[in-house]
Each structure stands twice: as structure tokens, then as C-alpha cells.
Amino acid sequence: MPDSIPANSVGLVTPQLMQFDEPLALACGRTLDSYQLMVETYGTLNASRTNALLICHALSGHHHAAGYHSMDERKPGWWDAYIGPGKPLDTNKFFIVSLNNIGGCHGSTGPVTPNPSTGQPWGGDFPTLRVRDWVHSQARLADALGIQKWAAVVGGSLGGMQAMRWSLEYPDRVGHCVVIASAMKLSAQNIAFNHAAREAILTDPDFHDGNFLSHSTVPKRGLSTARVIAHLTYLSDDGMGQKFGRELRSGSFEQGTEEPVEFQIESYLRYQADSFSKVFDANTYVLMTRALDYFDLAREYGDDPVEAFKQAQCKYMVISFTSDWRFSPERSREIVNALIRADRDVVYGELESDFGHDAFLIPNQPRYWDLLTSYMSQIEVAD
């Protein structure tokens, strides 16, 4: 818990649960008759409603992007290092909106919330989702908040995919699109990692086809293993070497010692997986990794990303990190090259980092801070 709230923090924040009663037709062919979104906002919406900025979260993210829910909260929101007064996403300038997407497990309608037709948690019966479903629900959220056009839509990883989809689905409602550590579609290797993670969950005896809550069980082992698989892809070899090397947590290699040896990296992964399995839902993990796999920005444009980006009207900023092998700089360059060929305005930054894919979340990176600050400061908003 903080001893006091830092001066550059958004401070204590209260999430709000927003109700939407207009049916939402999903890409899978099913419909949500109604749904709820858990939302947090930071800063003040100006009189002209031109300073609104949307944050789209990644796979394990949620609405709590900045500030504290109480003085007892141990850590601030997941992107607190970059959101707040005087920070790159400056709340003195922007009205920032962050939400937990449909299918999430932090308050929005999803597998852990009641299915209106049964009164029981949706569980494994929750509809399959696509990135465009999230974008359409976010557009409804913008309408409810009285926001006709976002000054910017910002997202990292899966959030970057949402930002790009926004620029195509609602081209006249996005001023700037900030895409960080993302891609226009997953590689076969990325799909394989997601498959391995899902298999760990789906084959856990406690999963019960996604209806584990009705069996009073939790597929903790499967979800923990899935998290370990994913977490490995978020780190880099250099980063793990610098942080953990071959240091031991317990045990010894001394001759005559039979005690099991545990490396620091093993202990770290086990701790992270155990923590994750206590706060995340297995069905949500399955839903969101499938949405990742199914995303293909150019599919409906003849598999031509140039043709896809010709639909857009906004300006773009694309950022990648050299040690990110999950969403490598090559994937970001593909986005940039397509934007250039589509004659769209784009700024690209490729940053040196040892933090792997997680770099977009890590604080205390001066070049990342400066790049974001420089771009965001140039976004014009009316008084």
C-alpha cells in the first residue's frame, strides 16, 4: 500500500459498472441481449468533448489502468507509470477511458457473470468473441459517455489490435491510433503458444467443459500452466539472464546432496502463475487467446493490409521493442510499411529493450517515455 498518493498519480479512483440494454450482435452469430462494462475514467472531459482517449487492454488486462482503488491497495493500475498528470498520457490534457472488455473477468459481462436466461454463471457457454466485438461495444460506451470522436485510441499487444480495428471500423471517430508491440495477425508460432496454453486448461480435470463453477472446482493447475507458457513468451533471453541467470532459490549442487534444486527462474514463474490463477478466470483466458488467434486485420480486404488501411482517416504511431520476440519489430514494420503504401500518416519508434514483450508495461524507460510524451503532446484538442 502507498504511504501517500504520489503527486503525479490520478489518485483514488472508483470504477463504474455501465449497463447496455441494446442487443449486441457478435461476429460468431450469437447475440448478447444486454451487457455490462466495468469502466474507469481519469481526467476531465472538456466542454467540446474533444480530449477523450481510449485505452484498450491486452490479454490479462482490465479497466484498472491507473491510480488506486483504496489506500490499502498494494499496487496501482497496470499502466499507472504512463497515465497521470505530467505523464505521457497526461490527465491534465486528456480524459482517459479504460474498460474491462466483454468476456473479461473483472466486472464486465463474461463467463463469471450470470447468464440472464439461467441465472447461473455463463461459464463455458459464453459466446466466442472477436476483436471487432470489443470495438463495437466500446463504440457503444463512447456513445453513452457523449464522445463522438476519440482524440486517440491507444493499446499494447492485443490492445493494439483493438486500436487498429477501431481505425477501420469507425474511421471518422478516431483522431490518432497508437499501436504498441502488436501485429496485424498472429504468426503460426504465436497461435501454437496459445494452443498449448489452452490445452493445459481444457485438459485439466477440474475444467468441466468450462462449467467448473457449478462443480465447485477451479482448474488452477491448468490455468497456472497456461500462464507459465504465456509468461515465457513475454520475457527475453537477455532479460531472464540478467534478472535470474542460473541462481538457485533452494538446494545445492554439492556432491553427495540429493535435495531437489530449484532455480530462481522456476520460483519466479511458479509465484507468478499461482498469483495469476487466483485472480483470473480460465474461460476468459480461453476466450481471449482465441480472439487473438482469430484476429486478421486484412482478411476481409483480400488479405491486402494496404487496402485495409486505406479505410482509415487517422494518424498512427507504432512502437516496437528490439527484444520482443512474441510481437517482434518485424511485425510492427509490416504495419508501418502498409500504412506508408496506403498513404497514411505514421510515426514509428523501435526501442532498445531487454524486457521482451512486457516492455510496453515496464516503467522507468526514458526513451519510451519521451517517445510517447512527444507524440501525445502534439495531439490537438479544442478547449
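Cβ from N, Cα, C; glycine included.
Under the heading active site, nucleophile, Swiss-Prot lists Ser157, citing sequence analysis as support. The active site feature in Swiss-Prot is assigned to Asp324, His357. Per Swiss-Prot, substrate binding site is recorded for Arg227, Asp358, and the stated evidence type is sequence analysis. Residues or ranges marked as domain 'AB hydrolase-1' in Swiss-Prot (evidence: sequence analysis): 51-361. Residues annotated as site 'Important for acyl-CoA specificity' in Swiss-Prot, with sequence analysis given as evidence: Arg326.
Proximity of Arg227 (substrate binding site) to non-local residues of its own chain (separation of 6 or more, Cβ distance below 8 Å) is seen for Ala197, Gln272, Ala273, Phe276, Ser277, Phe280, given in sequence order.
In the three-state DSSP classification, Asp358 (substrate binding site) falls within a helix. For Asp324 (active site), applying a Cβ distance below 8 Å and a minimum sequence separation of six or more within one chain yields Ala181, Ser236, Ser353, Gly356, His357, Ala359. Taking the Cα atom of each, Arg326 (site 'Important for acyl-CoA specificity') and Ser157 (active site, nucleophile) are about 9 angstrom apart. Calculated from their C-alpha atoms, the gap between Ser157 (active site, nucleophile) and Asp358 (substrate binding site) amounts to 9 Å. Taken residue by residue with DSSP, Arg227 (substrate binding site) is part of a helix.
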